[in-house]
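Asker: Just passing along the structure, written as structure tokens.
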Amino acid sequence: MTQDELKQAVAKAAVEYILPMLDRDTIVGVGTGSTANLFIDALAKHKHTFDGTVASSEASAERLKGHGIPVYELNSVSEIRVYVDGADESDHHLHLIKGGGAALTREKIVVACSDLFVCIADESKLVNVLGDFPLPVEIIPMARGHVAREMVKLGGDPVYREGVVTDNGNHILDVYNLEILDPIALEKSIDGIVGVVTNGLFAKRSADVLLLATKDGVKTLKK
Ligand code: 5RP
């Protein structure tokens with residue numbers, strides 16, 4: 001199976017996984033990226049079984065609306081039953097690196113408001129130690145130099161993601177060569193740097209469930 005076929009399989013599996021949780025009052029949180037896009041397309045077939053969605057990016061909101069699925073502002077909903085999103089890496093504790101699509105801040109906010117976080121990924125994303133994928137850090141633009149120097153002190157090699165402006169009007173540093181042995185501690189350290197908006201470690205609040213597409217089928221990993 002190709003990586004695209006694996007993503008397709010896990011997107012469909014995610015819809016089947018959350019279907020029993022949906023009723024006419026349910027709000028679904030929706031992530032960003034190519035796997036999340038396939039999830040949106042699969043979810044559209046069931047759009048009459050739930051109330052609507054909160055999206056973690058403008059791109060996902062547009063895709064949802066294109067399917068005729070209602071998209072609410074986060075501040076206008078009181079509960080998100082389940083949030084479904086991809087990841088760039090997951091370890092076996094379901095600590096994640098996210099932000100390859102530059103949506104990490106809104107993703108983290110929607111996760112924080114969700115009862116359950118279902119991560120969807122193909123098997124290439126499961127690793128023993130996080131950090132092969134460069135860690136995205138969303139920064140206030142004027143703080144770029146400062147944050148980059150602080151990331152070097154933490155052992156990383158930051159690279160400015162040229163030409164990318166996030167939905168929040170900020171910039172991204174991709175930090176290479178971090179061997180992330182304590183993801184929760186590193187997430188807190190980076191969040192403490194002045195000028196950082198969010199970093200792409202989802203460890204303090206990890207995924208609750210990882211649906212992992214493999215050549216032998218979709219596996220369900222739980223914390
Ligand atoms: C976007 C993300 C994505 O979930 C992550 O980059 C995975 O993307 P894809 O499903 O395209 O591999 O965090 O900010």
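Backbone N, Cα and C define each Cβ position, glycine as well.
As listed in TrEMBL for this protein:
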type	residues	note
BINDING	THR32, GLY33, SER34, THR35, ASP85, GLY86, ALA87, ASP88, LYS98, GLY99, GLY100, GLY101, LYS125	substrate binding site
ACT_SITE	GLU107	active site, proton acceptor
Asker: In whole Å, how far does the CA atom of LYS98 (substrate binding site) lie from that of GLU107 (active site, proton acceptor)?
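Answerer: That separation, Cα to Cα, works out to 9 Å.
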Asker: What is the one among the binding-site residues LYS98, LYS125 whose Cβ has the most other Cβ atoms less than or equal to 10 Å away?
Answerer: LYS98
Asker: Using Cβ-Cβ distances, find the residues under 8 Å from ASP85 (substrate binding site) that belong to the same chain and are at least 6 apart in sequence, listing them in sequence order.
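Answerer: In sequence order, the residues whose Cβ lies under 8 Å from that of ASP85 (substrate binding site) (at least 6 apart) are GLY29, VAL30, GLY31, THR32, GLY33, ALA36, SER56, LYS98, GLU107, VAL111, PHE117, VAL118, CYS119, ILE120.
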Asker: Under 8 Å between C-beta atoms and at least six apart in sequence, can you list the same-chain neighbours of ALA87 (substrate binding site), or say none if there are none?
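Answerer: Listed in sequence order: LEU96, ILE97, LYS98, CYS119, ALA121, LYS125, PHE202, ALA207.
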Asker: Around GLY100 (substrate binding site), how many other C-beta atoms are within 10 angstroms of its C-beta?
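Answerer: Here the count is 20.
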Asker: Given the substrate site residues THR32, GLY33, SER34, THR35, ASP85, GLY86, ALA87, ASP88, LYS98, GLY99, GLY100, GLY101, LYS125, which other residues of that chain have a Cβ within 8 Å of the mean position of their Cβ atoms, reported in sequence order?
Answerer: GLY31, ALA36, ALA103, ALA121
Asker: How many neighbouring Cβ atoms, not counting its own, are there within 10 Å of the Cβ of THR32 (substrate binding site)?
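Answerer: Around the Cβ of THR32 (substrate binding site), 29 other Cβ atoms lie within 10 Å.
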